[in-house]
């Protein structure tokens, strides 16, 4: 059996409130439900999926640093840090791990301050506006890209 791919899923601030936080924008699934669904998909794809949700920028940065040389791909929903965090951008650049930026809502159809991302220009791609399905699309894309590069 081939070595398992190792993918890190990161979720930023307030995503722990999914299911009750503005369900018209973010859907009714909780983060636990989304991650459980994604774990089942990852298992079927022979992928190890690690997950961290944090409201603290430093915790996400520390986990990105720890991923160096151990993680093949990062899936990140930076949430509000999308629009503010040069530090997360720098951490992602420092580890040189390809990543996909995920957003539940279509950030380009939201308020002007939500339309700028400090991560999009360095991401392998951005998936937004497809709700929880965006996580699945990101996982499938990461696995496909990794299998093409090996």
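Just so you know, glycine gets a Cβ as well, placed from its N, Cα and C.
Per Swiss-Prot, these features apply:
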type	residues	note
ACT_SITE	26	active site, proton acceptor
ACT_SITE	103	active site, proton donor
BINDING	77, 83, 90, 104, 105, 114	substrate binding site
SITE	21	site 'Transition state stabilizer'
**OP:** Check the recorded positions 21, 83, 103, 114 for other C-beta atoms within 10 angstroms of each C-beta and report the one with the most.
**Re:** 103
Original post:
Where among the binding-site residues 77, 105 do you find the Cβ with the fewest other Cβ atoms within 10 Å?
Top reply: 105
Original post:
Sequence gap of 6 or more, C-beta under 8 Å: which same-chain residues meet both conditions with respect to residue 104 (substrate binding site)?
Top reply: 18, 25, 26, 27, 77, 128, 129, 130, 131, 132, 134
**OP:** Give me the Cα-Cα distance between residue 90 (substrate binding site) and residue 21 (site 'Transition state stabilizer'), rounded to a whole Å.
**Re:** 29
Original post:
Rounded to the nearest angstrom, how far is the Cα of residue 105 (substrate binding site) from the Cα of residue 21 (site 'Transition state stabilizer')?
Top reply: 13
**OP:** Looking only at C-alpha atoms, tell me how far residue 114 (substrate binding site) is from residue 103 (active site, proton donor), rounded to the nearest Å.
**Re:** 11
Original post:
Using the residues the record lists for substrate (77, 83, 90, 104, 105, 114), what whole-number Å value is the largest Cα to Cα distance?
Top reply: 24
